[in-house]
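Trainee: The structure that follows is given in the form of structure tokens.
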């Protein structure tokens, strides 16, 4: 028995409805409703200004999460008015950081034994022999004191020349542990005598800091000292930013359902209320848990307002202006980035900064009153009476008289539930095709890696040793430019080529950041901004490309699940920057460079959809892919394959011609 077509199940329900308000009548009325330029611009202003707050709350983390210089607090010595330098000289183990022209090596050490002038400066004696190897001018011997309980471990690092080593090394005190001396005894001895004692005596065990002291340029400029988010508590700092991304992950799922069920305006109003409540609470609370909950709320509100405002704007805007307004709408985020950089430059206290960027959320009360519901959503969600009331005033009197809104019938709840159940079963059935599943899996990975790289570049300025205010402001400008340059690229190069080039450039930017030394700060900033520009453009390209890869009947499912993967990537980004970096300063750049490079390769198996008509049904998708190999998922779509074919390394398959007898 053949299954009914996807429109057949609605036929019996809609017969009575279309006698009184047909789709053509409504679309004609909606076109007149949307033709008022001043009205569309008003909707754009409401949507644009509301989403600027998203840029505020996402990027504020860059400015008030700075980890100041810190060390273990020794209350006994502080009460004796010892200076921080004196306290650290007797209590903190030392680190050696070695820099070469090629790279950087960081080693945890407590005592450094270096020959000649370095050993003499540290009070060393004659050259020593360790494990049968004697010191030479090209060897540096490092004693890892007390880090290995089985004894002292000596590491030999061969340097190209002594000059190279002496040019690029420095000593630093450990920030997270201190020696277990009797500090009351050291206090009574005085600093000079105590210093001689700790140099002469064997070093005791080191223990983790219980309290911390901080060197802060501006009072209360960071929330890190309030909750001691350093050393073994560093993960708490990354979680503050992850909370926003996690909120976006939840909001994208929950508000997506609510917007389809209860309307765009309801989700817009609810998101505005969450913004109004949670923003100021972050500035006032002394509880880390409450702060995290409110940061999650800011993420939920940000994605809720974005989705609802974008849907209302696009569903009201005429088709010929939809692309322009869509691109301009996305400019709200970089505008927020630029403004937060300016505000943060003048306001150093983190609570006051949070309060200043939260106060504009009270203006959203006016947005809640002024923002209309989407008439298109009302009509297609079977609230046709309300939809007609919104658009009837712009319809000619003759048409208005012909349509009697009092006679419009409403689909019953039972019929609607049945329809949703059948639609769900049909959507699940569509994903039994391998080509469809592969497209979806590749889209998931590309969106995940793109989002992770985007957010890493947003918050990595501190680790790149560059000016955070300047970098954030320029990042906003770069992102605004990215939305402009990607449009002609999509038209000229195509979806697949644009995504490949931009992802490849992003991967190269991450790779270059791996090898640039810290002294080239301006070049590092330029490379990071170039990567930011490319990865921002990728967002526009992959959204358009992925939406054209799937039939209409499952397009929302594909985009929705891909968006979920993107939020997972943004959730992981803060941990890459602030936590996993303790395993190596290169980890964020290496991970993002590798994933974006793999994503660039994955785009090459997609078909080019620039001049292809959208797939409406699954039957159309299958028939077109079967008839035209260029619309299939295949390695033959790649630029590498095209190059090999042009060089005659790979020959074009010869078609088989069957002659009729």
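Here the Cβ of each residue, glycine as well, is placed from N, Cα and C on the backbone.
So TrEMBL says this about it:
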- 155-611: domain 'Major facilitator superfamily (MFS) profile' (DOMAIN)
- 39-64: transmembrane segment (TRANSMEM)
- 238-259: transmembrane segment (TRANSMEM)
- 266-283: transmembrane segment (TRANSMEM)
- 289-313: transmembrane segment (TRANSMEM)
- 325-347: transmembrane segment (TRANSMEM)
- 353-371: transmembrane segment (TRANSMEM)
- 438-457: transmembrane segment (TRANSMEM)
- 469-493: transmembrane segment (TRANSMEM)
- 500-517: transmembrane segment (TRANSMEM)
- 523-544: transmembrane segment (TRANSMEM)
- 583-602: transmembrane segment (TRANSMEM)
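So that I understand the layout, could you describe where these features sit and how close they are to other parts?
Mentor: Within its own chain, the transmembrane segment (325-347) has Cβ neighbours under 8 Å at 40, 44, 47-49, 51-56, 58-60, 63-64, 309-310, 313-314, 317, 353, 356-357, 469-470, 472-473, 475-480, 483-484, 487, 540, counting only residues six or more beyond its boundaries.
Within its own chain, the transmembrane segment (438-457) has Cβ neighbours under 8 Å at 245, 431, 475, 499, 503, 506, 510, 528, 531-532, 535-536, 538-539, 542, 546, 549-550, 558, 561-563, 565-570, 572-574, 576-577, 588, 591-592, 595-596, 598-599, 602-603, 605-606, 633, counting only residues six or more beyond its boundaries.
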Trainee: At a threshold of under 8 Å on Cβ distances, which of 238-259, 289-313, 500-517, 523-544, 583-602 pairs most often with the transmembrane segment (469-493)?
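Mentor: The stretch with the most contacts is 523-544.
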Trainee: Six or more residues out from either end of the transmembrane segment (583-602), which same-chain residues have a Cβ under 8 Å from its Cβ atoms?
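Mentor: Contacts of the transmembrane segment (583-602) (Cβ under 8 Å, skipping residues fewer than 6 from its ends): 104, 106, 442, 445-446, 448-450, 452-453, 456-457, 460, 463, 499-500, 503-504, 506-507, 509-511, 513-514, 535, 576-577.
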Trainee: In the same chain, who gets a Cβ under 8 Å from the transmembrane segment (353-371) while lying at least 6 residues past its ends?
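Mentor: Distant Cβ neighbours of the transmembrane segment (353-371) are 42-43, 46-47, 49-50, 52-53, 56-57, 60, 63-64, 265, 268-269, 272-273, 275-276, 279-280, 282-283, 309, 312, 340, 343-344, 347.
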